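The next block holds one structure in the form of structure tokens; read it before the comments.
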């Protein structure tokens with residue numbers, strides 16, 4: 001027997017929302033999803049009229065839904081924003097080259113400007129080349145660090161005021177779990193912030209912060225949005241995957257676990273006498289960093305010297321040599337090469 005929509009009570013329901021458990025028709029689901037994103041944007045005052053906003057576009061479901069919803073809400077509520085698409089080409093054959101074709105179609109569908117920046121042009125390395133050097137363990141560290149900086153560099157070229165990314169509630173909850181398991185208090189405090197980058201970098205915001213991944217998939221499916229759904233070929237061994245699997249198990253028992261974990265991160269308090277890293281800028285590239293050299297510069301230095309392990313783990317004692325462009329001693333090189341990657 002058909003179930004009537006819980007909202008309009010006129011049409012038959014086509015789905016049961018994972019987030020609320022309500023049975024809704026397509027139109028009511030679209031409206032509820034969009035209104036919740038609008039409420040997130042409004043309550044956090046994410047944007048100001050007249051701003052140019054770069055949307056991080058990978059071609060995946062999250063960024064495609066973000067671009068679509070941002071365009072819809074910008075027109076519906078007269079945000080007065082100038083929207084642009086910004087993509088990063090990591091140089092992963094059979095994955096990123098295909099997903100960028102989706103981004104290019106999205107550009108035509110949404111009639112938005114597009115800028116693509118690549119690891120090759122920024123760093124002189126592609127992820128394919130990096131993986132050949134480092135293997136499939138810790139390769140996500142390189143990609144994550146380079147990607148964050150590449151997005152900022154692309155944003156500077158476009159001269160945007162803010163960047164918005166497609167991070168959803170599941171992503172934020174996973175990051176809380178990862179930082180908790182690592183004991184990384186500094187990142188644990190920052191990871192739930194809906195806007196980051198107030199220390200001088202271009203601010204980044206997460207309009208989909210409270211949107212469940214399952215509902216994003218449903219929205220994209222029923223809207224028939226054009227997105228790329230293949231997982232990165234280098235991600236199966238990523239540390240995040242373990243946090244994701246754990247979170248999915250929790251969600252199957254208690255759907256509110258996702259937002260509960262986010263709220264626990266938001267309400268975290270740290271004792272006043274706990275020493276926290278101070279944000280500064282990298283002396284080499286000028287990017288924000290709590291060390292003299294940012295993580296990207298250390299990783300890049302290691303790759304260029306044939307010592308990719310240099311950027312993995314804590315090797316701050318070697319930073320003064322990197323700054324002075326001094327060669328490492330035979331003992332230091334042997335120690336780096338002996339570390340299990």
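Every residue, even glycine, has its Cβ placed from backbone N, Cα and C.
Over the domain 'tRNA(Ile)-lysidine/2-thiocytidine synthase N-terminal' (53-232) the predicted model carries a mean pLDDT of 92. Feature annotation from TrEMBL assigns domain 'tRNA(Ile)-lysidine/2-thiocytidine synthase N-terminal' to 53-232.
TrEMBL lists 280-310 with the feature domain 'Cytoplasmic tRNA 2-thiolation protein 1 C-terminal'.
Secondary structure counts, DSSP: the domain 'Cytoplasmic tRNA 2-thiolation protein 1 C-terminal' (280-310) has 13 helix, 4 strand, 14 coil.
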